[in-house]
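Per TrEMBL, active site, phosphoserine intermediate is recorded for SER106. Under the heading ATP binding site, TrEMBL lists GLY32, LEU33, SER34, GLY35, SER36, GLY37, LYS38, SER39. Under the heading domain 'APS kinase', TrEMBL lists 25-173.
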Amino acid sequence: MSKNIVIHDYDITRSHRNKVNGHDSFVLWFTGLSGSGKSTIANKVEEELFYKGIHTYALDGDNIRSGINKGLGFTKEDRYENLRRIAEVAKLFVDSGVVTIAAFVSPLISDRDQVKEIVGHEDLIEIYVDTSLEECENRDVKGLYKKARAGEIKNFTGIDAPYEAPKNPHLQISTVDISIEMSVKQIIDYLEETRRI
Ligand SMILES: Nc1ncnc2c1ncn2[C@@H]1O[C@H](COP(=O)(O)OS(=O)(=O)O)[C@@H](OP(=O)(O)O)[C@H]1O
Ligand SMILES: Nc1ncnc2c1ncn2[C@@H]1O[C@H](COP(=O)(O)OP(=O)(O)O)[C@@H](O)[C@H]1O
């Protein structure tokens, strides 16, 4: 903290906002390869929560990499900074009382550990969208794997950049074995069972 910065405590806090909203606030953090299904599942989970009357907001590549993180690429250093800033934004959303949905490749354990440190371990639910590289490459939703294989994209996760799977995620979703609807149900059930919603 810079020495001339003095934090001002506001009287209205997260707990006031949670009380008015009628629910807790936390982050659902989706990690997985490109094309694994993060955005598809995150989108449906948000819809389900929203129509239950829960205040939600989704952070994703569109509103982050074309806005606050415009200019950051995919080197190890840029991904670190990308995820650090996203974590800081997510923390603000949680403080504002919102259930925050974040879907990012977030390939390194160390970067995800940092995200948990920033957000707060108790406020982050890690969801590993576990889809094999082979399946993601078969799907190749955006045609990026083809380009990465052809050497047109460098540092592509799973091809010439690493993906380190979470060792102990709160939830692990195998999109080859279960449908989108079942994945969403698995997440909503977990939130209800753990009394998050
Ligand atoms: N080199 C490389 N590696 C991985 N992904 C790439 C790359 N270049 C572009 N893209 C596209 O950017 C999306 C990943 O951005 P993220 O912000 O989630 O990445 S990271 O968490 O900082 O690693 C990712 O989106 P999703 O497919 O939705 O995961 C890709 O479409
Ligand atoms: N069970 C499943 N869960 C999620 N996505 C699935 C599943 N089966 C097939 N898909 C498809 O896989 C693709 C995943 O793309 P996307 O959600 O953009 O992935 P990501 O956000 O991880 O890059 C979509 O075209 C989706 O329809």
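Just so you know, glycine gets a Cβ as well, placed from its N, Cα and C.
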Filtered recorded positions, from LEU33, SER34, SER39, SER106, whose Cβ is under 6 Å from an atom of ligand 1: SER34, SER39, SER106
Shell of the ATP site beyond GLY32, LEU33, SER34, GLY35, SER36, GLY37, LYS38, SER39, same chain only (C-beta within 8 angstroms of their C-beta centre): ALA103, VAL105, VAL129, THR131, CYS136
In three-state DSSP terms, the structure that LYS38 (ATP binding site) belongs to: helix
For the domain 'APS kinase' (25-173), the mean pLDDT of the predicted model: 97
CB within-chain contacts under 8 A for SER106 (active site, phosphoserine intermediate), separation at least 6: TRP29, THR31, ARG79, LEU83, ARG112, VAL115
Long-range Cβ environment of SER36 (ATP binding site), under 8 Å and at least 6 residues apart: VAL129, ASP130, THR131, CYS136, THR175
Composition by DSSP (helix, strand, coil) of residues within the domain 'APS kinase' (25-173): 68 helix, 25 strand, 56 coil
